[in-house]
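Peer 1: Below you will find the structure I want to go over with you.
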Amino acid sequence: MVKKEESRLPQAGDFQLKEGSVVDATRKYSYFDLFRYSTRCERFLLVVSLLVATAASAFIPYFMIIYGEFTSLLVDRTVGVGTSSPAFALPMFGGGQQLTNASKEENNQAIIDDATAFGIGSLVGSVAMFLLITLAIDLANRIALNQIDRIRKLFLEAMLRQDIAWYDTSSGSNFASKMTEDLDKLKEGIGEKIVIVVFLIMTFVIGIVSAFVYGWKLTLVVLSCVPFIIAATSVVARLQGSLAEKELKSYSDAANVVEEVFSGIRTVFAFSGQEKEKERFGKLLIPAENTGRKKGLYSGMGNALSWLIIYLCMALAIWYGVTLILDERDLPDRVYTPAVLVIVLFAVIMGAQNLGFASPHVEAIAVATAAGQTLFNIIDRPSQVDPMDEKGNRPENTAGHIRFEGIRFRYPARPDVEILKGLTVDVLPGQTVAFVGASGCGKSTLIQLMQRFYDPEAGSVKLDGRDLRTLNVGWLRSQIGVVGQEPVLFATTIGENIRYGRPSATQADIEKAARAANCHDFITRLPKGYDTQVGEKGAQISGGQKQRIAIARALVRQPQVLLLDEATSALDPTSEKRVQSALELASQGPTTLVVAHRLSTITNADKIVFLKDGVVAEQGTHEELMERRGLYCELVSITQRKEATEADEGAVAGRPLQKSQNLSDEETDDDEEDEEEDEEPELQTSGSSRDSGFRASTRRKRRSQRRKKKKDKEVVSKVSFTQLMKLNSPEWRFIVVGGIASVMHGATFPLWGLFFGDFFGILSDGDDDVVRAEVLKISMIFVGIGLMAGLGNMLQTYMFTTAGVKMTTRLRKRAFGTIIGQDIAYFDDERNSVGALCSRLASDCSNVQGATGARVGTMLQAVATLVVGMVVGFVFSWQQTLLTLVTLPLVCLSVYLEGRFIMKSAQKAKASIEEASQVAVEAITNIRTVNGLCLERQVLDQYVQQIDRVDIACRRKVRFRGLVFALGQAAPFLAYGISMYYGGILVAEERMNYEDIIKVAEALIFGSWMLGQALAYAPNVNDAILSAGRLMDLFKRTSTQPNPPQSPYNTVEKSEGDIVYENVGFEYPTRKGTPILQGLNLTIKKSTTVALVGPSGSGKSTCVQLLLRYYDPVSGSVNLSGVPSTEFPLDTLRSKLGLVSQEPVLFDRTIAENIAYGNNFRDDVSMQEIIEAAKKSNIHNFISALPQGYDTRLGKTSQLSGGQKQRIAIARALVRNPKILILDEATSALDLESEKVVQQALDEARSGRTCLTIAHRLTTVRNADLICVLKRGVVVEHGTHDELMALNKIYANLYLMQQVSG
């Protein structure tokens, strides 16, 4: 038995679902569910951090108590009452002595003692509070990082565990966005935010308790406002959570488009779809912008109501409080004194204000909960076919007896279309069974069922008599080798790609498999041999080479079951002959299932099964089926008649078949060795390339990668906060109104302090009626200030939020537009992989909004409070003002130091996250290949390595976060101590009135306090500055390709003339020093068909890419009507080119939209034009038979067969009515019947058009007006088919050998 593989994520394994548990995929998660992946120790430490935060919050009521006692004693000792108010806290520090009928001198000395005690008490409290908050935030952040680290790993693991059916039907599976934006939001909500919220809420709770202890009557009156504040806050939080989910959904849909476009960037360029994609992306951002504005409106209204209630409550408190004080004024054992009024008022009001300050943090928690909803729904979803599950049987021996029994099946994304209808096929051990039939009949479906990508809805698939559903999924797939029609290679070395077939394979095993797959020679001729990087999706090598590496990967696996789905479709004749022999040799041991359109490759099969309409129409050996004279015989007869005609014509034109057969092995060996010395990438329609694989193979490779990373280290422009704000300049109207509102709101705090000082001054008046009248006036003023604060806060929040979301939408659109406006070389850069670009686009724009929008209003409000407070302070006492401001440099210095530190560590964290995203996105994008090769654990291991680096960088980032926030909270109270200590001395020396020192202190301390609240957003600002630098660098970048404006010199008509390659030299930007074309000269006359042939790597696809201007020549030129292609506007040039590539990319649009995509220069492509193009490509009948017809949506992993996708791609090219048609193996994926019809359609389409064709199957180009044979990047032979056959050299040899093998 195979040993159970140990989990490589022990820290995540403790959090898997229990066996047999059932999870609702639509379950709603509470905030507490966000901590489900914390350990017991972490939960204990989190509780400790919250208790520590609670202890820290107790110091705010403590400050209110000593402040109330001190201010009350100031009044008593200045007025000279009979007996001063009792004190409980100040005596601990040497003050608060209760005097009776004291002299003026005694009172003044007592004031100095009280001031000293207050200063000492403030210092002790500030230090204690600073230490406690630092500890609480540091603990919470570390715990949050641990959990996010686990959730990242678990999320990828959950994605890798999902069945293919989920990928087919999932509309929001954009991986890069979830791994960056959603997890960042989750981290925000489970880290310091929860500590800050608890700190602010417990300040309120403990303040209420203190207030009740000192004066329950007044406390009850003041508390009357609290239910309204709590109600407003809770309603806003609930609305915020609901809207946050909608906002995330909108951004998720937009991120899907980004990932899809970047993955198919060459297709977008070929059909000039940039504007259409920008429009699609922009439309998907509109709901997010509208939702964001609503969030701002609701938040503003809630905050406004809270502030209005707070000021109304203060007005009521001082009015009622004075009544209580005056009633007991002359009593020796009075309860209500100015001290009690201050303690109750400040304890309750500051607590209520803290509830208001908690609002944005509560919003972050609501957003985190919404983000957790999307993440946990995936993590908790039980996969129907889990490739990483240890359950299931693992037989010791595998004979390879396969039986498909009564199979009924329909794809999950197309439940109305039944593909297999009761199919039964028996495959004996060691047999080679071939499946043939029209495109879409279910051949490839059987291959997928064999791998358990899907389970049949009826019937069963059995291996050695065991239902596949009873076998361990990983074990089953480890027994199978697969070579698909469109093989996927990963962005690592050639050697590593082959080793993925069997991780334990030695270098000798790899080379043996490569020789069998006929790719060893071209690999060893590369400068780095098996260490050559293939690029993302194998973009750096040709299609034929990619397929041979995939074959080597399957062969090194030494499988018991071999699945070949058009395994040689991308090979040239020479390679095909050799690889076919290798495959036949490899298939002698294992049971082999073959899907083939070329019947010549399956005549030796032990059994041939002809499928039609989802059932077996015929089965038997080649000879048996020919004798039966049924469907198979008819298909073979058509093929033989076609090939006989072509062979006869070839023999007449050139040389006998036998001679070709005898010479082929010798001559083509030399040709291939010569021509594969320098390799070219194929004409890809997929993404870019990068330099990272799933795992490092040697220490030397890791050292090389480190050197390369150091060399290519990202240098980000430095951006000031002013430059950051300039990004928001188009929204200046909102910012101006919001700025005025922020200043208005900020000014209310020092104004309140000013009148609060007057209130204390009034208390010294001996006439009770005067006191009552003046206090009533001040109460009314407080109501006015409340209205001013409420209106200012609402406008501030709404205007800045609107400015922020509008800016974010604009930045996302501009960044997306800038990226797709780059040249292909930009996407070839390893730093610009699909995963990295998606991650960058999502996080950078989000980060910039994180420091703009509503947070700018909060910071501007804090500055306004401080400035107005300073003005008030200098008016009343410049000495006390200067001394009070001594703490501000400490606060500002802490922000500066944190900023410098965060900028460095955030850059490292960003780079590490991008690398991790690259690994993950590549795996998820190619999930079928990952599943087929059982690479899930390897992907996870590599991702874990990258995430560990992210974790280190993030821990450095938060190291000083607690210190800075704690300093922002503690510094204002230290400032209180300093200010009131010095103010008390000034009062004792009769240099200042006691009410004035209260005015100065309140005005300034509120400014300092507001600055402390603004410090909660310091990390957002630092992240935003870093992201803004990256965005500005991006915006400055322009394509290196010239794109001249339209002129009479480069008209559309000019692009329709002769095409001339004039002494063209070219090497790919990512492979400098490896020339592909070396002085190529080629003329393509207008309205003629020219075919480029030659073995893989000879430069054929490069010629096409230069014509499409994916790249420009290094030397020489490509001319159209005598005008160099670089003189044409890109859109003008590409508008007349119709491309059908070897591996077509279709987008997540309807079939009609995909076909109409061929003509992006018009918005009014009619349905009639679409249908006509579909008919020409022989796909109309298939589309019409679908339940939704042309409105059928093609998802990311649509269940169309290769032939169906190819025909839609052909329709897409034809709908634009191109003057130049480019066919790169356009019929390679079609069955014989479809190929014949489509070839006729292409022949008709070529009429009156210039046509450039690339083909390995030379029979498809024999009617071309000119055939050019390329070798080492130059044309070595050219002429018509007959002329080249008569020449009796390379082309004749290739052609006749293909006829013999066919």
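Cβ coordinates are placed from backbone N, Cα and C, and glycine is handled just like the others.
Straight from Swiss-Prot, here's the annotation block:
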TOPO_DOM  1-46  topological domain 'Cytoplasmic'
DOMAIN    46-367  domain 'ABC transmembrane type-1 1'
TRANSMEM  47-67  transmembrane segment
TRANSMEM  117-145  transmembrane segment
TRANSMEM  193-213  transmembrane segment
TRANSMEM  221-240  transmembrane segment
TRANSMEM  301-322  transmembrane segment
TRANSMEM  340-360  transmembrane segment
TOPO_DOM  361-734  topological domain 'Cytoplasmic'
DOMAIN    402-638  domain 'ABC transporter 1'
BINDING   Gly437, Ala438, Ser439, Gly440, Cys441, Gly442, Lys443, Ser444  ATP 1 binding site
REGION    644-714  region 'Disordered'
COMPBIAS  664-682  compositional bias 'Acidic residues'
TRANSMEM  735-756  transmembrane segment
DOMAIN    735-1023  domain 'ABC transmembrane type-1 2'
TRANSMEM  780-801  transmembrane segment
TRANSMEM  856-876  transmembrane segment
TRANSMEM  878-897  transmembrane segment
TRANSMEM  960-980  transmembrane segment
TRANSMEM  997-1017  transmembrane segment
TOPO_DOM  1018-1302  topological domain 'Cytoplasmic'
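Where in this structure would I find these features, and how exposed are they?
Peer 2: Note on the transmembrane segment (47-67): residues 88-90, 117-118, 121-122, 125, 128-129, 132-133, 135-137, 139-140, 143, 194-196, 198-203, 206-207, 209-210, 214, 342-343, 346-347, 350-351, 354, 969, 973, 976, 980 of its chain, located 6 or more positions outside it, place their CB under 8 angstroms from a CB of the stretch.
Long-range Cβ contacts of the transmembrane segment (193-213) within its own chain (Cβ-Cβ under 8 Å, at least 6 residues beyond either end) map to 49-50, 53-54, 56-58, 60-61, 64-65, 133, 136-137, 140, 219, 222-223, 226, 343-344, 346-348, 350-352, 354-355, 357-358, 361-362, 364-365, 368, 965, 969, 1016.
In the three-state DSSP reading, Ser444 (ATP 1 binding site) counts as helix.
Here the transmembrane segment (735-756) has Cβ contacts under 8 Å with residues 307, 311, 314, 728, 778, 781-782, 785, 788-789, 791-796, 798-800, 803, 856-858, 860-865, 868-869, 871-872, 998-999, 1001-1007, 1010 of the same chain, all six or more residues outside its ends.
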Peer 1: Which range wins on Cβ pairs under 8 Å with the transmembrane segment (780-801): 301-322, 856-876, 960-980?
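Peer 2: Against the transmembrane segment (780-801), the leading stretch is 301-322.
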Peer 1: Identify which of the binding-site residues Ser439, Ser444 has its Cβ surrounded by the largest number of other Cβ atoms within 10 Å, counting every protein chain shown.
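Peer 2: Top count of Cβ atoms within 10 Å goes to Ser439.
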Peer 1: Return the count of C-beta atoms lying within 10 angstroms of the C-beta of Ala438 (ATP 1 binding site), excluding that atom itself.
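Peer 2: That number is 22.
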Peer 1: With a Cβ cut-off under 8 Å, give me the same-chain residues at least six positions beyond the ends of the transmembrane segment (340-360) that come close to it.
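Peer 2: Distal contacts: 60-61, 64-65, 67-69, 71-72, 196-197, 200-201, 203-208, 210-211, 214-215, 218-219, 222-223, 225-226, 229-230, 233, 236-237, 299, 302-303, 306-307, 309-310, 313-314, 317-318, 321-322, 324-325, 854-855, 858, 1013, 1016.
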Peer 1: Averaged across the domain 'ABC transporter 1' (402-638), what pLDDT does the model get? Just tell me the whole number, please.
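Peer 2: Overall, the domain 'ABC transporter 1' (402-638) comes to a mean pLDDT of 84.
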